[in-house]
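Quick look at what TrEMBL lists:
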- 3-46: domain '23S rRNA (guanine(745)-N(1))-methyltransferase N-terminal' (DOMAIN)
- 84-129: domain 'Methyltransferase' (DOMAIN)
Amino acid sequence: MSFSCPLCHQPLSREKNSYICPQRHQFDMAKEGYVNLLPVQHKRSRDPGDSAEMIQARRAFLDAGHYQPLRDAIVAQLRERLDEKATAVLDIGCGEGYYTHAFADVLPEITTFGLDVSKVAIKAGGENAIRRSLFVSLPATVCRFPIPVWTP
């Protein structure tokens, strides 16, 4: 999976803990394990996406196991349908990573990406990320991911 610079749309390459384009636009990885590719000038609000309160409420609800059967079913479908040559899984609109982490847990050989516009959600997901997950806050136009796409 590759990313494009949200400012000039040129390819981003990873250099240590940053993503940098040929025009030298640089996006640093946060210590929590995410990178924010949503430039300030492209935001329609100060904090787009879910608020901290929404994330906390969702986390409490999900941690109570209410969606565990659905999560298990989605993970089973992903394992069944995933091409054997696949190297990555992308969870668009991942929030704090409830499903993303499940994908990474059962598919340790695959790199798992979680994308969301909410920096608060991405930060929460990144704090809980395992080594093979990357959480990114960005507009969808800067992400290039090869097809096939599967949605439950």
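Cβ coordinates are placed from backbone N, Cα and C, and glycine is handled just like the others.
Note: the domain 'Methyltransferase' (84-129) comprises 18 helix, 11 strand, 17 coil (DSSP; helix = H, G, I, strand = E, B). As a summary of secondary structure, the domain '23S rRNA (guanine(745)-N(1))-methyltransferase N-terminal' (3-46) carries 3 helix, 16 strand, 25 coil according to DSSP.
Summed and averaged per residue, pLDDT over the domain '23S rRNA (guanine(745)-N(1))-methyltransferase N-terminal' (3-46) gives 81.
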